[in-house]
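Peer 1: Structure below; questions to follow.
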Amino acid sequence: MLVQAEALHNQGRVDEAESLYRRLLDQAPLSPQAAKALTNLGVISQQRGQTDAAMALHRRAQELAPDMAEAWCNRGDLLSDLDRLDEAEADFARAAGLSPGLAPAWFNLGNVRMRLGRAAEAEPCYRRAVELLPHLPAVHAQLARSLDATGRAAEAADAMETAVRLAPGDWQMLTDLGALQQQAGRVKAAQGSLRTAISLRPSHAPAHYNLGNAFYGEGRAAEAVACWRTAWDINPRLVEAASNHLNGLHYLPRMTGDEIAGAHRQIMDRRRTALPAQYANPPEPDRVIRVGYVSAGFRRHPLGLLMRPVLKGHDRNHVFAACYATRPGGDEITAELRHGADLWREAAGLDDAALARQIQEDGIDILVDLDGQTAGNRLELFAAKPAPLQVSWLGYPFTTGLAAMDYALMDRATVPPEAEAWFREKVAVLPGSRLCYQGPETPEPATPPMLARDFVTFGSFNNIAKLNDSVVASWSRILKRVPDSRLLLKWPHLAHAEVAGRFRNAFAAHGIAGDRLDLRGNSPPEQLLAEYGEVDIALDPFPYCGAFTSCEALWMGVPAVTLAGPRPFSRQTLALLTAMGMEAELSRRDVSAYEDLAVALANDPARLERLRRDLRPALRRGVGDSAAHVTAVEAFFRQAWSEWCAKIKGKA
């Protein structure tokens, strides 16, 4: 009877199965088959949403047959559905111990451990499930996800490839496979997997989004931008696609500032959230201002490093500094930033509504977005305006597009008066640089390497997505004009042969032989800075130039030749040079002059020697004075806060 009942259950004929289970219980209430019937009735109750009844039935089954693995496994499934994960883990582990060949116990134990954030412990569970059910795609897919969560992208891609071979028409697995292949550097395979996923399910936004990521990782910004826009058009809730699209527009040479600003307004207007009716913040202009900084970059990341002198330098008689870290985990820079903050909140697990409530409970007067439209931003939070004043600063020198953002904190070299029209925010101008860079303790720059070699080395450690066709053409012309010169490009994705090959081919199309290119992947921060000792002249890409990358080059005594354009993203290196008093020496306004300057420097070893000595002190004076920088930032906070207080009092 049990076999017949289970067959009906598996066919979806639940009512008939239930009837047979209950007949079996009536006929043999204490038999081993009765225990199996009880736990199966528990499964039926769970499927009907009757959780209390299901729990009672599983418990009765366990009492009747405490060594029956299925009863523990089934109750574990119920506990998992109820988010009682620790109890579920214990039940699945007991089931696996009682019956090592019970594949669902191992599979579900892995799933629970993944949900508990313990991917390394989930992996062996999935490997056991793969041994038991090698032809089931889902177990290979979950193994892949556990490997991905532990940073093993290549192994994860291999496991997901197995899953897809077993289920070639599964567009979700194909999407995941493409994302993993992209992370593993298999960009062509990734693009193929994602195109197949899109052909199977054109409306699957994540496939378009990940295809954009795959193009971006290969340095193909225009294709990436188009994919991200498609993803967001399909699913406006996929805010990462919208932000990637908007940020990606800055890479495109043909876009105007008006067009980029218009796109920001259009997209951000569609993401608008209702604003709170009032604030409880006391409108007292002279009190300590409670400033909240929100970022996903509070770690060894340009934003984290740029925020170190700010948090360390705040005058606690004027500013109370709170940090809301929106990305989990951290490193030694995170620990330093946490120590420098008056209040630290781990906010990665909070949705926008919960984080907005927390910010209001913390009494934040001025909320500062440090990310703009970059990865991991929380602009949806700012759309709700949980603080009286909101400011965009540091991470994104352009409008956020948000009507709820009050100010954009910039400097005049980055945003000249004619560029303010592109900002929805009121542009507040700091008297010096918009950022403070304090370089690490590294040896003083060595002499230009060309003096010990027979050739000049140009270099760029910028994101390869910035190296558009115009940049490659320009740099090729420079290399041709400087005989035997080399070009050193460094970016993590260049460690992948397919990506490096694309750039070798791009330069070859302009007549530059492969032996003149040195393409390198990632390295630890100290080694990266040391590698500037192999570079004579840094070439800044355009129209999306360097910022933190330019700081590092200049700190290491390497002149950064920049082509300044009208858009703020094309003026970041210019802004650094302006603060250093060296804009006339290293910045130009048209491509021809830019190339002439690079060639002139290559032919002037004495000038390069002088710059090698002068750049670090000039950078330290221009953008390294943390006391002056923090004072200027705090003066802006005080002025903005005083104006808000006066406005509120005027309404009273």
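Just so it is clear, glycine is given a Cβ too, placed from its N, Cα and C backbone atoms.
Feature list, courtesy of TrEMBL:
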- 35-68: repeat 'TPR' (REPEAT)
- 69-102: repeat 'TPR' (REPEAT)
- 103-136: repeat 'TPR' (REPEAT)
- 205-238: repeat 'TPR' (REPEAT)
- 285-432: domain 'O-GlcNAc transferase C-terminal' (DOMAIN)
- 451-614: domain 'O-GlcNAc transferase C-terminal' (DOMAIN)
Peer 1: Near the repeat 'TPR' (69-102), which same-chain residues lie under 8 Å Cβ to Cβ, leaving out any that are not at least 6 residues past its ends?
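Peer 2: Counting only partners 6 or more residues beyond its ends, the repeat 'TPR' (69-102) has Cβ contacts under 8 Å with 35-36, 38-40, 42-43, 46, 51, 54-55, 58-59, 61-62, 108-109, 111-113, 115-116, 125, 128, 132.
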Peer 1: Go ahead and report the DSSP secondary structure tallies for the repeat 'TPR' (205-238): helix first, then strand, then coil.
Peer 2: 27 helix, 0 strand, 7 coil
Peer 1: If you average the pLDDT over the repeat 'TPR' (69-102), what number do you get?
Peer 2: 91
Peer 1: According to DSSP, how is the repeat 'TPR' (69-102) divided among helix, strand and coil residues?
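Peer 2: Going by DSSP assignments, the repeat 'TPR' (69-102) contains 27 helix, 0 strand, 7 coil.
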